[in-house]
Amino acid sequence: MSTKMKFDGILTEINGFGKFQMRLVLIQVLSRMTLPCHFLLNNFMAAIPKHHCDISALEELHGFGNLTLDQKLAVSLPAEQDGTLSSCRAFSSPQYQYLSGSNSSEGTSTVECQNGWVFDNSTFKSTLATEWDLVCSKKGLNKATATIFFVGVMLGAPLFGFLSDRFGRRRILLVSYLTSLTFAVLSAFSTSYVMFSVMRFFTGMALAGISIISIALNVEWCGIQNRTFSGVIISLDWTLGSLFLVGIAYCVNEWRMLILAVTSPLLLSIATWRWLPESARWLMAKGRADEAHYYLIKCAEVNNRTKSMASITPRTETTEKKYTFVDLFKTPNMRKLAIYSGIVWYGVAFTYYGITLNISDLGVNPYLTQFIFASTEIPMKTGVYFFLEKIGRRIGEMGSLLSTGVCLFINIFLSKGFYLFLWVIRTVVAVVGKSMSEASFTIIFLYTTEFYPTVVRQNGLGYTSFIARLGVSISPLIMLLEDVWHLLPPITYCAVAIVAGSVASLLPETLNTRLPEFIEDIENPRYVLFITGNNLQQGETTFD
């Protein structure tokens, strides 16, 4: 005799977060650690070292070769308003009057660098900028490498979301592993800027699959009482990856080898993929009850709860309907969720990467800044866990985004002066803002997996990730607006964070509610979850 039971009830019976779920999380640590390594790679791979025009051609001029290096630079390069030597221009001919202390610039003309640049390689042995001279008039191309990568992520998210909802989480995750590894290696061996850009685009597409599939697979194997813990634990993979990136980047300061080093964990991920289970929740939603029962038995065995499965036969009522991201907009309540969550995801990603990809703006060593940012995430995420358990997702998302906006607003008025205390205050405020931004990212991933139904969960994550990466793609280019007005970039980031935080207040609360399985669970009050105003409420269900 079988016992009819909802899926979340079955998970509770066999332990919603036991050894089986911990093993699932640990297997995916390596693959998820590669995500921040690649997403934040431009901070090191595309760094622009100090540079100036190559003046070696002037050595043939009479008397020039007898000067010291400082004297050669003084007579060859014009000074900027802050007293530093120009990075992009040189005098048309040596101005020897500067050797006598004269600062008159009358009659002097300058030209763009004619023979390339000389780079300071004390910090970075080679970067994209030094490889292909992506400085001065070409600095936009250097920023564009991040944009191209995130456009790939943006397009890959809905693609892999659709594929994993159609063919399953486990199979498509392997495809993501293999393609990510292949294109990352090819990008490291690029022979031109164009080839590198194309390979980074496809690397971004492939990594998007790992990003959205892994978190959904983990959450779908967790019970109601364990989802918050699971979501926070998974987010720590990002923290570990960020710390791993700092260590590797510090030891490997050549950009090609750096790409290979941060991609290497995927080799172990491919080797351990065989031990990953398929999502039993997805199998049941697809009507494949026998396969779902097989994995549930495996879960019960690992968690030492075999007796709990003795009288349980999972059954589900489903149709052969094929779901796509279009289903996110067909019905009223789903449409609200899609629009609101899209705006919030855009704001979360736009502000997070606006802060993270511009760490040099603080004026502190990039390795130290990245290490500080990553180190603060562990206590922050611990606090997020307790907040989400007691207060809820909606207030957490809204509060973290608004706090990020406030920190960005404060730093607008803290100019980069020469006083040490200004740098300290700017850094502290930036770290707090970065922590709040990271908190918003941690919450929104868990939040989204909870309010989208199983049949379109990956489509929902794919769609929201698409919107998010649209924001990320634009975010690095916003810094180019400083040429228009130096305060325009921080004001833009601040405004987006505040708007997204306000929209987050319109999302439903999902704390301690069952995961919806079908779209009807959102639209129809007789199903598990339905929306009244801004709240998700529990109702009755007609499926097991």
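The backbone N, Cα and C atoms fix where each Cβ goes, glycine too.
Annotation source TrEMBL lists domain 'Major facilitator superfamily (MFS) profile' at 93-512.
Taken from TrEMBL, the feature transmembrane segment applies to 144-163 (among others).
When Cβ-Cβ distances below 8 Å are used as the criterion, the transmembrane segment (175-195) is approached by residues 31, 34, 38, 128, 132, 134, 141, 160, 163, 202-203, 205-210, 213, 256-257, 259-260, 263, 266-267, 269-270, 273 of the same chain, each at least six residues removed from its ends. The transmembrane segment annotation in TrEMBL covers 175-195 (among others).
As annotated by TrEMBL, transmembrane segment applies to 201-219 (among others).
Non-local neighbours of the transmembrane segment (231-250) in the same chain are 25, 28-29, 32-37, 40-41, 43-44, 214-215, 218-219, 258, 261-262, 367, 370-371, 373-375, 377-378, 381-382, 384-385, 388, 438, 441-442, 445-446, 449; each lies 6+ residues outside the stretch with a CB under 8 Å from one of its CB atoms. The transmembrane segment annotation in TrEMBL covers 231-250 (among others).
According to TrEMBL, the feature transmembrane segment maps to 256-276 (among others).
The annotation transmembrane segment is assigned in TrEMBL to 337-355 (among others). Tertiary proximity for the transmembrane segment (337-355) is limited to same-chain residues at least six positions away from its ends with a CB under 8 Å from its CB atoms, namely 39, 150, 328-329, 397, 401, 404-405, 408, 430, 433-434, 437-438, 440-441, 444, 448, 451-452, 460, 463-465, 467-472, 474-476, 478, 489, 493, 496-497, 499-501, 503-504, 506-508, 522, 531.
What TrEMBL lists as transmembrane segment is 367-388 (among others).
Here TrEMBL flags 400-422 (among others) as transmembrane segment.
Residues 215, 219, 227-228, 230-232, 234-235, 238, 341, 344-345, 348-349, 351-352, 355-356, 362, 372-373, 376-377, 380-381, 383-384, 388, 393-394, 396-397, 400-401, 403-404, 407-408, 410-411, 414, 460-461, 464, 497, 507, 510 of the same chain lie 6+ residues outside the transmembrane segment (428-448) yet bring a C-beta within less than 8 angstroms of a C-beta in it. TrEMBL lists 428-448 (among others) with the feature transmembrane segment.
Residues annotated as transmembrane segment in TrEMBL: 460-481 (among others).
The transmembrane segment feature in TrEMBL is assigned to 487-507 (among others). Sequence-distant contacts of the transmembrane segment (487-507) (same chain, six or more residues past either end, CB-CB distance under 8 Å): 336-337, 340-341, 343-344, 346-348, 350-351, 354-355, 393-394, 397-402, 404-405, 408-409, 411-412, 437, 447, 451, 471, 475, 478-479, 481, 534.
Away from its own ends, the transmembrane segment (144-163) comes close to residues 38-39, 42, 45-46, 128, 172, 175-176, 196-197, 200-209, 211-213, 324-325, 353, 357, 458-466, 468-470, 472-474, 476-477 of its chain (Cβ-Cβ under 8 Å, at least six residues beyond either end).
Per-residue confidence over the domain 'Major facilitator superfamily (MFS) profile' (93-512) averages 85 (mean pLDDT, predicted model).
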